[in-house]
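Peer 1: Okay, handing you the structure first.
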Amino acid sequence: RFHAGAIFDESARRDDEVFRLAVADLNLNNEILETEKITISVEFVDGNNPFQAVQEACELMNRGILALVSSIGCMSAGSLQTLADAMHIPHLFIQRSPAGTPRSTCPLTSRLPGADDYTLMVRPPVYLNEVILQVVSEYSWQKFILFYDSDFDIRGIEDFLDRTSQQGMDVSLQKVESNINMMITSLFRTMRVEELHRYRDTLRRAVLFMSPATAKAFITEVVETNLVAFDCHWILINEEISDYDLQELVMKSIGRLTVVRQTFPMPQNTTQRCVKHNHRINTSLCDPKNAKAQQLEITNRYIYDTVLLLANTFHRKLEDRKWHSMASLNCIRKNSKPWQGGKSMLDTVKKFGVSGLTSFLEFTDNGTNPNIFFEILGTNYGEDRGRGVNRLATWDPLHGLNGTLTDRKLENNMRGVVLRVVTVLEEPFVMVSENVLGKPKKYQGYSIDVLDALSNYLGFKYEIYVTSDHKYGSLQPDGQWNGLIGELVSKRADVGLSALTITPERESVVDFTTRYMDYSVGVLLRKAERTVDMFACLAPFDLSLWACIAGTVLLIGILVYLLNWLNPPRLPMGSMSSTTLYNSMWFVYGSFVQQGGEVPYTTLATRMMMGVWWMFALIVISSYTANLAAFLTITRIENSIQSLQDLSKQTELPYGTVLDSAVYDQVRSKAMNPFERDPMYSQMWRMINRTGDGNVDESKEGVRKVKYGHFGFVWDTAVLEYIANNDEDCSFYTVSSNAPDRGYGIAMQHGSPYRDIFSQRILELQQNGDMDILKLKWWPKDSPCDLYSSVQMRQNGNALDIHSFAGVFCVLAAGVVISCLIAIVESWWSRRKGSRVPSKEDDKEIDLEHLHRRVNSLCTEDESPHKQFSTSSADLTPLDMDALPAARQALEQISDFRNTHITTTTFIPEQIQTLSRSLSAKAAAAGFSTGFTSGGGVLQDHRTGGVGPFRQRAPNGGFFRSPIKTMSSIPYQPTGPGPNFGYGNDPDRGTSI
């Protein structure tokens with residue numbers, strides 16, 4: 001009889017059952033043991049009590065055993081190893097992890113140099129670190145969390161953590177307590193909303209080092225509490241995962257699940273599975289369809305193969321006749337001796353192997369089992385319960401990973417996938433046109449074009465709908481998200497698409513693809529309308545300068561008059577000009593406007609004055625002409641806003657943005673966050689929140705306020721540029737920041753399997769230039785509107801309109817009206833003056849200019865050549881005029897002196913005799929015949945008489961000489977009881993001398 005001892009953990013009753021079943025099978029197998037039988041002694045110990053394990057082992061050795069089989073943990077195994085080495089008893093150790101958690105490498109017990117190791121590791125070394133590192137590398141994970149249960153020895157993954165750290169992976173650790181429900185509840189109770197969202201993001205990628213029972217409970221809890229979604233991907237690694245456990249895990253989980261477990265290569269044929277060389281394994285253990293076989297643990301399989309190996313070893317020892325009888329060993333005695341046959345038995349066990357339930361059991365020289373295989377099973381993404389599990393790859397220490405873990409469905413195409421897309425209407429990213437015929441809405445825009453390009457390449461289809469609140473999404477006080485982001489967080493949509501900017505707050509709850517367009521903050525402003533300035537012609541000079549010029553004209557006119565008064569110029573014979581103040585002013589003004597003058601100035605002082613004045617006028621007129629051209633072609637806008645800095649510094653123009661939008665949050669963050677505070681944004685934030693009505697609920701409302709009010713709308717630059725480009729009146733212009741700091745992206749649920757493939761395709765579209773083509777469709781370069789000019793420009797280049805010269809026409813019209821009024825007043829005054837009796841002072845008044853005009857207008861009868869007369873003349877001095885009787889004044893009469901080359905108009909008194917005598921005397925003295933008669937006779941006609949011209953001496957002693965033109969007679973007519981002089985009345989031609 002071959003006696004073997006066994007020590008099992010008291011919690012592993014199934015090990016004892018399989019051990020006894022294996023011994024019974026071998027005792028019935030005559031091919032291995034012909035007449036020999038195997039007897040066993042089994043003891044149960046506390047796996048965490050090494051002293052008890054040693055005590056029970058000593059008891060077994062005292063009974064006499066050829067080998068010791070143990071299935072306990074590492075803590076007690078070390079003590080048994082030391083005892084077996086001391087007593088030379090072969091120790092076949094089957095490592096058992098507590099509560100089914102993944103194994104950790106047992107620390108080696110130090111021994112004396114050259115001493116034999118009588119402990120053989122039946123289970124292969126722990127390769128979990130190598131396997132999981134290759135799996136996460138194959139999946140290209142860079143950030144994930146590692147969960148382990150309370151029974152797992154974390155020292156077993158130290159090597160894995162070191163290697164992931166060297167590769168730059170971000171790995172978080174978290175222990176799963178035995179009471180999982182309480183642990184999850186504490187998370188919700190202690191974490192803030194932002195922290196909880198970040199924790200959800202971490203749970204998208206997770207590795208579970210735990211027992212199948214704990215994994216099932218943990219997955220169930222996190223799914224029910226909505227901590228994970230269908231886009232999560234978890235990896236569970238444990239050698240002890242049965243098919244039944246696998247099916248339950250798949251049923252309870254959502255998203256993608258990958259399971260790494262140990263496998264044993266077996267023939268597909270059931271007969272070959274159960275028959276191993278000369279031994280037939282019990283059908284209840286080798287038939288996979290048997291319920292008992294399905295419940296076998298890995299330690300059970302190794303225990304069965306260990307008994308089979310010992311039986312073969314005993315049989316070979318008998319054949320070699322190298323048998324050493326069993327002896328009772330007392331390990332308690334101080335000088336007890338080891339078993340003499342232990343070394344031979346150990347070498348025989350190492351030398352031969354056996355095929356069993358674990359495929360092939362053998363040992364290397366260092367006493368370990370090299371044969372271990374892992375299989376990697378996985379599911380696809382989805383929310384369907386009970387979806388199929390596929391074998392993705394295998395792993396062994398010799399060949400490594402055999403297979404690929406790449407998701408072929410996402411790598412090649414997405415045909416058959418229908419995505420639910422949520423959007424917010426925002427020109428020109430997403431727009432909708434209603435169909436009056438009842439057909440589905442048709443969406444268009446830049447973002448829709450990008451989505452169509454992705455759909456055509458990847459092959460997916462999509463259904464699109466608009467959010468009910470028409471918002472992009474912000475965090476509410478109750479911790480929930482509204483708008484587009486809320487639809488993704490609540491799993492009602494797969495993709496979010498619009499003018500959606502990538503922000504840290506949004507990225508904490510959803511996933512974003514790479515940016516497909518740059519984003520910057522801008523402001524929409526209304527262009528300054530060109531005001532109608534009727535007096536634009538006055539714009540070149542300031543009002544003060546115009547006043548100085550007007551004063552200068554008056555001053556120079558007065559100075560010219562004074563200079564002429566101090567030194568009167570000698571006027572040539574026949575000159576029509578005079579040096580009165582009125583004429584001086586008129587001459588200065590005429591020369592200023594470059595129209596010349598009529599008064600000849602001959603004195604040196606006057607000419608020096610006028611030369612300097614002409615130089616001044618030339619400079620002023622030239623400067624005015626140059627400045628007028630510039631002012632009529634260039635419109636200057638004072639204090640215009642050309643940058644966000646200008647907008648923030650001014651307070652006259654109110655501005656705002658959409659409440660709870662990305663722009664609103666960005667301005668608030670840069671104004672309030674001490675780490676990125678910007679003075680410009682601080683000013684903007686104070687202005688935005690200064691008034692309650694500064695912000696709007698929708699972007700369309702902001703554009704409307706800009707167009708019809710005094711307002712600036714702060715919003716996405718791309719949206720504002722499209723609005724300004726497509727405005728019918730081109731009444732908008734935009735101002736934006738120079739450097740974009742964010743971008744537009746496509747939002748997806750956390751852990752979405754489509755994010756990476758979408759990002760890759762977007763990068764390809766950008767590299768190929770397709771994105772630029774799509775952008776030019778909505779933002780053309782040849783826009784009819786100027787987006788950056790703050791004033792409305794003329795459509796016809798530099799052509800001037802009527803508004804620029806309205807003031808000139810108004811001045812002309814005013815001059816015409818005033819001239820007409822003056823003409824009316826002069827006519828009225830002339831008629832009134834002609835109807836009254838002239839005074840004595842009027843008699844002395846001489847208006848030679850009027851005389852000259854009357855001569856030119858009235859003396860047109862005689863067109864014959866003028867005759868030459870003597871240069872002598874009759875002088876009528878003021879004394880002669882004063883000698884006239886002033887008893888009565890006659891009406892103004894017109895007297896034409898025929899044949900005398902002079903025409904005069906005089907006030908003839910009734911006593912014309914005195915004038916007649918004086919004129920006769922003067923004429924006789926000069927040799928003229930005046931034609932006057934006395935005694936009431938009629939003045940005869942002297943049309944053919946040859947008389948010389950008369951001249952009137954001025955009061956200052958000078959002579960006023962009338963121009964010689966025609967000759968006419970002076971008819972007289974009696975005016976009273978005196979002598980009857982005849983004269984002709986012509987009141988229409990009257991003036992005064």
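Yeah, the Cβs are placed from backbone N, Cα and C, and that goes for glycine too.
A quick note: this is a predicted structure, and the numbers were derived from the prediction, not measured.
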Peer 1: Identify the region 'Disordered' range according to TrEMBL, selecting from 826-849, 970-993.
Peer 2: 970-993
Peer 1: Of the binding-site residues Thr501, Arg506, Asp716, which one has its Cα closest to the Cα of Cys331 (disulfide bond)?
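Peer 2: Nearest candidate: Arg506.
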Peer 1: Measuring C-alpha to C-alpha, could you say which of the recorded positions Cys58, Ile641, Arg668, Cys730, Cys785 are within 10 Å of Arg506 (L-glutamate binding site)?
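Peer 2: Checking each Cα against Arg506 (L-glutamate binding site), there are no hits.
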Peer 1: If you measure from the Cα of Arg668 (site 'Interaction with the cone snail toxin Con-ikot-ikot'), which of the recorded positions Ile641, Asp716, Cys785 is the nearest?
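Peer 2: Looking at Cα distances from Arg668 (site 'Interaction with the cone snail toxin Con-ikot-ikot'), the smallest one goes to Asp716.
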Peer 1: Whole-number Å only: compute the distance from the Cα of Cys730 (disulfide bond) to the Cα of Ile641 (site 'Crucial to convey clamshell closure to channel opening').
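Peer 2: Between the alpha carbons of Cys730 (disulfide bond) and Ile641 (site 'Crucial to convey clamshell closure to channel opening') there are 17 Å.
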Peer 1: For the domain 'Ionotropic glutamate receptor L-glutamate and glycine-binding' (428-490), jot down how many residues DSSP puts in helix, in strand and in coil.
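Peer 2: Grouping H, G, I as helix and E, B as strand yields 20 helix, 15 strand, 28 coil.
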Peer 1: Between Thr501 (L-glutamate binding site) and Ile641 (site 'Crucial to convey clamshell closure to channel opening'), what C-alpha distance do you get in Å?
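Peer 2: With the alpha carbons as reference points, the distance is 26 Å.
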Peer 1: To test your reading of the L-glutamate site: which residues beyond Thr501, Arg506, Asp716, same chain only, put their Cβ within 8 Å of the Cβ centroid of those residues?
Peer 2: Tyr472, Ala499, Leu500, Ile502, Thr503, Tyr519, Ser661, Ala662, Val663, Arg742, Tyr744
Peer 1: Looking at the recorded positions Ile641, Asp716, Cys785, which has the shortest Cα distance to Cys58 (disulfide bond)?
Peer 2: Asp716
